[in-house]
Amino acid sequence: MKLLALESSCDELSIAILDNGKILSNIISSQIERHKEFGGVVPELAARLHLENLDWVISSALKKAKIEIDAIDAIAYTQAPGLIGSLIVGKIIAETIAMYLNKPLIPCDHIQGHIYGASIDNEFVYPVLAMVVSGGHTQIELINSVTDYQIIGQTQDDAIGECYDKVARYLGLPYPGGPEIDRLAASGNSQIYPLPIPKTTQEFDFSYSGLKTAAINLINKIKQKGEEVDINNFAASFQDVAVKTIIQKFDLAIKKYQPKTITVAGGVSANSLIRQEIQRLGNENQVPNIIIPKMEYCTDNAAMIGKLAQELINISK
Ligand code: KG4
Ligand code: ZN
């Protein structure tokens, strides 16, 4: 069963080829350099660049997998959520290939794709408790099978990646700010700038808008006093609270649901502190399987969509 998978929900166009769930290629064209000058993703530009990049992305994916397009048995693509223009371009490409080859189309959910990206190198043992941390979503999911899952906690406002990016922008750092803060935090002291963990009413919910406001207010206060913000210490202090905000809830959820596997997914799962903390929580709670995905499968990529599609095919047999 050879699958062509396509991911185009934001500013990356990616095509992967899988053979019975094994990744043969996973080509990712990132547009970060083109959006950097605007300080964030420009949706119209993202959709146009997907079309410009399609030719080399698809030919590289087939070449690396050493197969001809006629050998493809099914086409998977990201249906939602994402930027509407980017999603439409991806859908039309996938539909065109499916029509040309007369093969089935498998629409996939981007968030579930991120989660199943973690199972590419380590198969899930259910139940799985997954922490989804991306630029648009932040939630804790309990998964019993690929078609049976529930969100048990989520952000009440901003996503964690959005919070990182906005605070980074305020600090004058380039887009995307998440990796910049992570890098600067490595040589900073997290105890220098105290920031609060916002309270929420539901047991497993959390909030990032409050943290964003508190961080920006603190930067303003320091500047008003005529002092300089120590960027490394600020990055470390912010990162400490941003990660604690969700990690504390994830810890409570592990204790309540006793999962056999824990994992983390989405762009922010590339964060060094989050990766470290997931490992620590897993060890402390004696979770049998702790999956920290490869960096390549953390940010947007088509291999994760292919893996999800393969699981959907397997369960429907
Ligand atoms: O999942 P993703 O690639 O796109 C969405 O679907 O949103 O996530 C992108 C987000 C951005 O907010 C980016 O700043 C963040 O992931 N990110 C990080 C790190 N690497 C990427 N945030 C914190 N630390 C990182 N190392
Ligand atoms: Zn994503």
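In case you wondered, yes, glycine gets a Cβ from its N, Cα and C as well.
Unlike curated entries, TrEMBL annotations are predicted automatically.
Taken from TrEMBL, the feature domain 'Gcp-like' applies to 22-306.
TrEMBL lists His110, His114, Asp300 with the feature Fe cation binding site. Other Cβ atoms within 10 Å of the Cβ of His110 (Fe cation binding site) number 24 in total over all chains.
Taken from TrEMBL, the feature substrate binding site covers Val132, Val133, Ser134, Gly135, Gly136, Asp165, Gly178, Asp182, Asn271. In the three-state DSSP assignment, the secondary structure recorded for Asn271 (substrate binding site) is coil.
Looking only at the binding-site residues Gly136, Gly178, the densest Cβ neighbourhood within 10 Å occurs at Gly178. Here the Cβ of Val132 (substrate binding site) has 25 other Cβ atoms within 10 Å, regardless of which shown protein chain they belong to. Less than 8 angstroms from the CB of Asn271 (substrate binding site) sit Val133, Gly178, Asp182, Gln239, Val243, each of them six or more residues away in the same chain. Counted within 10 Å of its Cβ, the other Cβ atoms near His114 (Fe cation binding site) come to 29, all protein chains included. Close contacts with ligand 2, defined as a Cβ under 6 Å from any of its atoms, occur at Asp300 among the binding-site residues Gly136, Gly178, Asn271, Asp300.
Note on Ser134 (substrate binding site): other Cβ atoms within 10 Å of its Cβ, all shown chains, come to 25.
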